[in-house]
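Novice: I grabbed these lines from TrEMBL:
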type	residues	note
ACT_SITE	S64	active site, phosphoserine intermediate
BINDING	S64, D276, D278, D280	Mg(2+) binding site
BINDING	E370, A371, N372, R497, P498, S499, G500, T501, R506	substrate binding site
DOMAIN	51-90	domain 'Alpha-D-phosphohexomutase alpha/beta/alpha'
DOMAIN	105-167	domain 'Alpha-D-phosphohexomutase alpha/beta/alpha'
DOMAIN	178-283	domain 'Phosphoacetylglucosamine mutase AMG1'
DOMAIN	297-435	domain 'Phosphoacetylglucosamine mutase AMG1'
DOMAIN	454-524	domain 'Alpha-D-phosphohexomutase C-terminal'
Amino acid sequence: MDLDAVTKQSALHAKPDGLTLQYGTAGFRTKAEHLDHVMFRMGLLAVLRSKQTKSTIGVMVTASHNPEEDNGVKLVDPLGEMLAQSWEEHATCLANAEEPDLPRVLVDIGEKAAVNLHQDAFVVIGRDTRPSSEKLSQSVIDGVTVLGGQFHDYGLLTTPQLHYMVYCRNTSGRYGKATIEGYYQKLSTAFVELTKQTFCSGDDQRTLKVDCANGIGALKLREMKHYFSQGLSVQLFNDGTKGKLNHLCGADFVKSHQKPPQGIEMKSNERCCSFDGDADRIVYYYHDAEGQFHLVDGDKIAALISSFLKEPLLEIGDSLSLGVVQTAYANGSSTRYLEEVMKVPVYCTKTGVKHLHRKAQEFDVGVYFEANGHGTVLFSKAAEMKIKQLAKELEEDKKRKAAKMLENVIDLFNQATGDAISDMLVIEAILALKGLTVQQWDALYTDLPNRQLKVKVADRQVISTTDAERQAVKPPGLQEAINELVKKYRLSRAFVRPSGTEDIVRVYAEADSQENADSLAYEVSLAVFQLAGGIGERPQPGF
Ligand code: 16G
Ligand code: MG
């Protein structure tokens, strides 16, 4: 390592004195103007990680669903996964080192992680459409180059597309071609194959309205839609030509406000969906004939996909295990439906894609979704081989048909991470194959009314949780208070957790009616405020 060169270059990306940031649930995220030094340093870190794993590493510049003025960065590990936990600590140390300490911290990480410095390094970089992203990704490149790493800058990409590129490159092209064209081809071919035999009952069924959150999803979907237009026609809204990124639109807005985004024309019973700002989340929704809004969220996506997969998996008769992974935010009705009606085992993990992803890897076929619309389906290598073999070898019969269908499903899901575009195509294929309308899909089960609230406290770390965030172990008395409040309502459940992305505590409550869910959420917020050091205005009842 040429530490003198690092010091010199770093001076051009100097860290503001005293600023500290954490590698949070999905990397570093804050106001764009505070991130130049972090980007440079993540370029450095990506080189070390690449040398250590002898693989290509990805760096994505995005702040997802957060406001346009924010930005962020995250590293993508060799198989398209989120950065390993031990390296999150290295990332935090490196980002927070004061200028004079930087070389020492860099050497320390190299030693602790046993990095062979003579190894070559290769880093791929992607960015979203934020005005600040281009300059910030140049800072990443500066970091990569000063440590002698090679790189490829993909420029504008969705986050899942960057994960895909990393995965392709580290599997010598077996997973797919590491180009944007390769991504479009792979997914579209699988979609067209899967839907080839469907009978389409008219143009209405083939049209989908997509709110692109004024983000990168719009650019990429516009390029891609010609590849699958014979099976599906998508109409883009909030495509970035007028509105502001994530402002009053996008998956996060729709999910958290439970209302349609601005800038989309919805006729009754039309199928619509929203991506978030970097296109790794998707939720569906529609207006019924009475003009009432219905949200079809990540839980219902998981329910649709797992009930669809169950049949062909049974048909091929190879006893491949199927499991669904959710978080505490999963609507109670969805868990009950999966367990009791679908008879699929359901597991709960902490919030954040990496936790769900890890758990889903324990099954032959692991379906994971957060209620907010992050998710995918992972097939184990063994399951994939088995399915591909059956699709080839068997005679033309029902079993082979099932195997072939599963083969296309494997290709259609972005196995590296949750992907709004890939999930959208899977959902559209399932609806077409099953001849389901969005209303019929929505009717799989009825969501329990629920409410989410935020509480400001002096230090959110005074709350610690266990049991996949469903129980608070600290501060003393809080869980007991929640238990007492929950007892007052029917079909009720509530939990609290410190946010991993904002300086607040989140409260979730569900109950038999909206009124009860609201009042339980309010009472729990008050308990948090009183027992966990609330600051500012006390929570108020009513919404
Ligand atoms: C991040 C996570 C998301 C999670 C959210 C929770 C990834 C890629 N993203 O956006 O999965 O739902 O954080 O935020 O892991 P919170 O901790 O503020 O509730
Ligand atoms: Mg996102």
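Glycine residues also receive a Cβ, built from the backbone N, Cα and C atoms like all the rest.
Bear in mind that TrEMBL entries carry predicted annotations, made automatically and left uncurated.
Just tell me what is around each of these and how deep it sits.
Specialist: Residues near S64 (active site, phosphoserine intermediate) in space but far in sequence (CB under 8 A, at least 6 apart, same chain), listed by position: A26, R29, G72, T159, D276, G277, D278, D280, R281. Under the three-state DSSP scheme, S64 (active site, phosphoserine intermediate) falls in the coil class.
Sequence-distant contacts of R506 (substrate binding site), defined by Cβ-Cβ distance under 8 angstroms and a gap of at least six in the same chain, are Q452, L453, K454, V455, V496, R497, P498, S499.
Tertiary proximity for the domain 'Alpha-D-phosphohexomutase alpha/beta/alpha' (51-90) is limited to same-chain residues at least six positions away from its ends with a CB under 8 Å from its CB atoms, namely 23, 26-32, 35, 38-39, 42-43, 45, 109, 112-117, 119-128, 130-133, 136-137, 140, 157, 159, 162-167, 169-171, 213, 216, 244-247, 250-253, 276-278, 280-281, 353-354, 357, 415-417, 501.
Averaged across the domain 'Alpha-D-phosphohexomutase alpha/beta/alpha' (105-167), the predicted model reaches a pLDDT of 98.
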Novice: Could you give the number of helix, strand and coil residues in the domain 'Alpha-D-phosphohexomutase alpha/beta/alpha' (51-90) as assigned by DSSP?
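Specialist: Helix, strand and coil residues of the domain 'Alpha-D-phosphohexomutase alpha/beta/alpha' (51-90) number 9 helix, 14 strand, 17 coil.
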Novice: Using a 10 Å cut-off on Cβ-Cβ distances across all protein chains shown, tell me which of the binding-site residues (P498, G500) has the largest neighbour count.
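Specialist: Its Cβ has the most other Cβ atoms within 10 Å: P498.
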Novice: Which binding-site residues out of D276, D278, P498 lie by ligand 1, going by a Cβ under 6 Å?
Specialist: none
Novice: Which is it, of D276, E370: the one of these binding-site residues whose Cβ has the most other Cβ atoms within 10 Å?
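Specialist: Of the binding-site residues D276, E370, the highest Cβ count within 10 Å belongs to D276.
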Novice: Which residues does N372 (substrate binding site) neighbour through Cβ under 8 Å, counting only same-chain ones at least six apart?
Specialist: A251, D252, K255, R281, V283, D297, G298, Y329
Novice: List, in residue order, those recorded positions out of S64, D276, D278, E370, N372, G500 with a Cβ under 6 Å from any atom belonging to ligand 2.
Specialist: S64, D276, D278
Novice: Specify the count of other C-beta atoms within 10 Å of the C-beta of D280 (Mg(2+) binding site).
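Specialist: Within a 10 Å radius of the Cβ of D280 (Mg(2+) binding site) lie 32 other Cβ atoms.
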